[in-house]
Amino acid sequence: MPSQRVYELAEELGFNRQELVTKINSLALGFQVNNYMTKLSPEEVSELKDALDEGGEGVEKAQKPASDGEQVEAAADDGGVAAPVVRRRRKKSAGEAEEADESGEAVAPTVRRRRRKVVAGAAEEAAEAEEAEEAAEVEEAEEAAEVEEVEEAEEAAEVEEAEEAAEVEEVEEAEEAAEVEEAEEAAEVEEAEEAAEAEEAEEAAEAEEAEEVAEAEEAEEAAEAEEVEEAEEAAEAEEAKEAKEAEKKAEAEEKPEKKAAKSPEADKTKKRSEGSRRRRKKEKSKGGARVLGQIDSNVVLDRLSAEGKDFSPGPSKKKSSGRRGRSSSGRSRGRSRKRVVEGRDLYKGGRRKKRRSRSKQRQQKTQITEAAEHKRNIRIEDVISVGDLAHQMGVKAGEVAMKLVESGMMATVNTLLDFETAALVADEFGYTVENVAFDITNFYDTSPDPEEKQKPRAPVVTVMGHVDHGKTSLLDAIRKSNVTGGEAGGITQHIGAYKVRTEEDSEITFLDTPGHEAFTQLRARGAKATDIVVLVIAADDGVMPQTVEAINHAREAGVPIIVAINKVDKPTANPDRIKQALTEYELIPEEWGGTTLFAEVSALQQQGIDELLEMLALQAEIEELKANPDRDAQGLIIEAELDIGRGPVATILVQRGSLKQGDIIVSGQYYGRVRTMHNDKAQNVEEVGPSTPVEITGLSGIPEAGEPFFVVDDEKDAKRITDHVAEQRRKEVMASRAKEVTGSLEDLSKMIQQGEIKELKVILKGDVQGSVEAIKEAFGKIGNEEVRVKVIHSGVGGITENDVNLAASSETGAVVVGFNVRPDNRAAEVAEQHGVKILTHSVIYDAINQISGILEGLLEPIIEEEVIGHAEVRELFQTPRSGMVAGCYVQDGILRRNAMARVVRDGRVVYDSTISSLRRFKDDVTEVKHGFECGLSIENFNDIKLGDIIEVYKHVEVAATL
């Protein structure tokens, strides 16, 4: 009995297909079906029928009268026409009728009664007519309802037929899918069988090849064995012949009485022949012959004893060393060394031994020793020549110069190297470098003072902000003097440093905006000029470009910031807007969960000044600012200038100790005795303590802003220190200011090519904020993974001295770009002094193109290949000197001697080399042009054939683009 599908079994038993699927899965017969297309085996079919018979469901299902739909379906299956099924509907209520109207179902026509106007005499006739009309209308409604029921039955029959057709299509598709799967499985089985057959065939072929190889090896071994046997037989025959000849000769020479005795030579020959036979047999046995038997050990011993051999141990080969060994066995060894020597040979042995020992000493190679680890440390100064560096490392100066040449630096023995370059070269030779150059900072005592000697000092506060935001007015309010109005009051305006005493009898040192320059210079040297920064912002204006510049300066120095919102008395003031804008720069007030102190002040109305001073005092307490006043003074140069009447004048800030009039101070390469000291009120003072700014005279030159100063006891020591510093800086100039960033385009290019600069830093200034933002965004899009532009500061306004100082103090150098703005005179002077490059443009595309050109010039060039000529090989000549010479005709371009060339044969490159020789007739030429014939040879290539094409090319450097 073949297997059946579930839908076939459902038709047989009279079940609905899905119902039978559910029934099978619910009976727990031990198998499950997924859908009505699942196949059931004959056993599963019989088990299912038995289960259904036990439950009586199959019989009931078969005896149950078919429903109307099933009758219609059966009739359709039999091919007949199903009788229409008439369904009668009950009358719907008003609510049901409304629901039917809303659902869109058809509604039976309603009967409307019309009343006629009749006269009194015809009332009965009118009533009878109305009753007749009502009856007719009721009959029409019933007929219409019957027609609708018939239409609905037909529609249901059509729907059921469509569903059956869809099910039949699904069954057909499932059967087709099953057939496709069976076909795929059969194909896979066939492929697997074919693969197995192929593997078996390969294995059989490999086995046959192995057998053939083994047979060939056996045949070769047999042939070799036959050749060995033939050679052995021939050797035996020759030896036997020689033995016979020797015996005959011996018998002829011997006397008659000794004929019976055996000849010793014959015995030796015989023994030799027997020994050779044994060896041959032994060697023959090694060739793979089978062992037929084993010789008894007693027989072997008898044979050896007959030949005078035994198994006793021989003399020891070890050489005794030591006096005891010589004394114990000297007698026996003395006899063994005795030999007969003639007179002429008495002294040859000793000389020979001496010569041998000398020759051994000559042949012994010189061992190259390396310095110990503690000796591989060399001490140099900031600048050293190539020759001196090589001498300290113990290598040749030429080797050091070659290392520099390999690194891309042309150097000779006298070339001066800075410390960093010398350290790199020494590392190549396995040496470490220690800088022992004179360092003036070693004289600057940085050791902490004892805690008991330290006393609280005044904080040094720098006031920063935008131009018109009221910095000077705020200082005026704090100092209670009208600086802005010009009332000097004993205050020197250009000093820029002030010491103020508060109502709580505490002192605060303020550095005004001129301190910006010193602040930037000090940051460049890693010093801390101030303790606190007060950022002044106008409440009616907001965050301006110079405000952002001040924030950048403070962040670079790493000092805390206190924000002073000025002009809060104006009607348009909006402090909250200022706080919101500063959150972008991570300045969040404490009431918003941040750590920045904010003070709302009004310089004109004296409002909030006390709160600001309290914040400064609080911040100073947090910082715990202390210093030792009972020691020699140390500090920093704030400003310096040349006064016509007084000479070099410097404004200094004492940080530690106390400075007295008459002290000798040293700052950089200048020193001098303090002649005069004036405080911020132009008062002459004789001694000042920590955190005090004063103006001094008496120096030998103008020190740099930010240079540290310290006091020495002896003027000779001061002179010696400054001389060392001057000599050191002179050497730095001789070494082309090693590692000093000048900011010029050439130096920046060199540093980027050496891998020291990863990005080109730019300070951008423009006339309006819109232009600055546009250029800044354009600069951000320039560059690639090798180089890129980084705008470290941008702002609106002219190029100022502060911008140049910021560019000069950058660790990797920077350029200043101005759009529709020009540098002022002071900025131009400082830029020329520090070598800072200033680029000015009036067209935005010019600025973008110039920066792009700078970056493109810093990229490594691209090497491209350019074909310069072709030649066809028409003749071949063989010469003893040049080897194969090809007679060629130049088809296009030009051929040059020593140019790179490749041999092309049938469109494929055969060899790539250079043209080693180029001739025209008998003359050596350097090049041959188009249309001429020549003879040439290719370096290390002689397999040239007629018809080959010689393609000549060269490498060209092409500038890389972004």
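Backbone N, Cα and C atoms are what each Cβ position is placed from, and that goes for glycine too.
The model shown is predicted, which means the values in this text are computed figures rather than measured ones.
Per TrEMBL, compositional bias 'Basic and acidic residues' is recorded for 47-63, 238-276, 339-348. Taken from TrEMBL, the feature region 'Disordered' covers 47-373. Look at TrEMBL and you will find 72-85 tagged as compositional bias 'Low complexity'. Here TrEMBL flags 125-237 as compositional bias 'Acidic residues'. Per TrEMBL, compositional bias 'Basic residues' is recorded for 316-338, 349-363. According to TrEMBL, the domain 'Tr-type G' annotation covers 456-626. The GTP binding site feature in TrEMBL is assigned to 465-472, 512-516, 566-569.
Positions of TrEMBL features highlighted on the structure.
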residue	record	Cβ neighbours (10 Å)
GLY465	GTP binding site	24
ASP468	GTP binding site	12
LYS471	GTP binding site	23
VAL568	GTP binding site	19
For the domain 'Tr-type G' (456-626), the mean pLDDT of the predicted model: 77
Three-state composition of the compositional bias 'Acidic residues' (125-237), taking helix and strand from DSSP: 113 helix, 0 strand, 0 coil
Three-class DSSP secondary structure - GLY465 (GTP binding site): strand
